[in-house]
Amino acid sequence: MVMMRIFFFLFLLAFPVFTANASVNDFCVANGPGARDTPSGFVCKNTAKVTAADFVYSGLAKPGNTTNIINAAVTPAFVGQFPGVIGLGVTLARLDLAPGGVIPMHTHPGASEILNVVEGTILAAFISSGNKVYEKALYPGDVMVFPQGLLDFQEITGKIAPGLCELRQRNPGLQILEFQHCFPTIFPPKTIAGTTCLDEATIKKLKSGLGGTN
């Protein structure tokens, strides 16, 4: 099976609260992978202990596991994985799509997004707060922007589709509606049916496939 890959490069918006440490100092390396964010921000690693390795991340070298219901995988390099990006207004992630892969309807609550197609064809769209759909087939060299917080999706329509994506935020967040709000949850099928216009049999099937309970 030919693997289709998209590489997402995510650049973060330099809000003052997020970049305070980097504004005062040359940089702020979070104190280790998985460092916890606090109301006052991340704790910076002692600069005397910072090395070049803190500004290098190799976690995107390996393709993500696309053996799942959406035939896709996202491998992030946000501050939780890449401590060196804190306060710099830049981060990245990798997206791998297998044949038939799709990134379902989702939103980045804290980030706008830019997608650049390198090869292949991608169908991309977002929905405005006025419920207007902006949809476009993207070809190599095309760039599409997705406003912050709006629902959007990407679907592979060609055989291969590497691309670049930028997200304007330090830790852009990702909420995939089907995964986080409906089907994997403990909400009973009847409740979800009343809010999605899907029949209960379909909902039970989706919940089962996404690890939810009926």
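Note: Cβ is positioned from N, Cα and C throughout, glycine not excepted.
Taken from Swiss-Prot, the feature signal peptide applies to 1-22, supported by sequence analysis. Under the heading disulfide bond, Swiss-Prot lists Cys28-Cys44. For 58-204, the entry in Swiss-Prot reads domain 'Cupin type-1', with the evidence type sequence analysis. The Mn(2+) binding site feature in Swiss-Prot is assigned to His106, His108, Glu113; the stated evidence is similarity to another entry.
Sequence features annotated in Swiss-Prot and their locations in the structure.
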{"residue": "Cys28", "record": "disulfide bond", "Cβ neighbours (10 Å)": "25"}
{"residue": "Cys44", "record": "disulfide bond", "Cβ neighbours (10 Å)": "20"}
{"residue": "His106", "record": "Mn(2+) binding site", "Cβ neighbours (10 Å)": "19"}
{"residue": "His108", "record": "Mn(2+) binding site", "Cβ neighbours (10 Å)": "22"}
{"residue": "Glu113", "record": "Mn(2+) binding site", "Cβ neighbours (10 Å)": "25"}
- Per DSSP (three-state), Cys44 (disulfide bond) is strand
- To the nearest whole angstrom, what is the C-alpha distance linking His106 (Mn(2+) binding site) and Cys44 (disulfide bond)? 32
- Item | Segment confidence, the domain 'Cupin type-1' (58-204), expressed as mean pLDDT | 76
- Message: What does the structure give for the C-alpha distance between Cys28 (disulfide bond) and Glu113 (Mn(2+) binding site)? Integer Å is fine.
- Response: 24
- Take the C-alpha atoms of Glu113 (Mn(2+) binding site) and Cys44 (disulfide bond) and report the distance between them in angstrom, rounded. 27
- DSSP says Cys28 (disulfide bond), in three-state terms, is coil
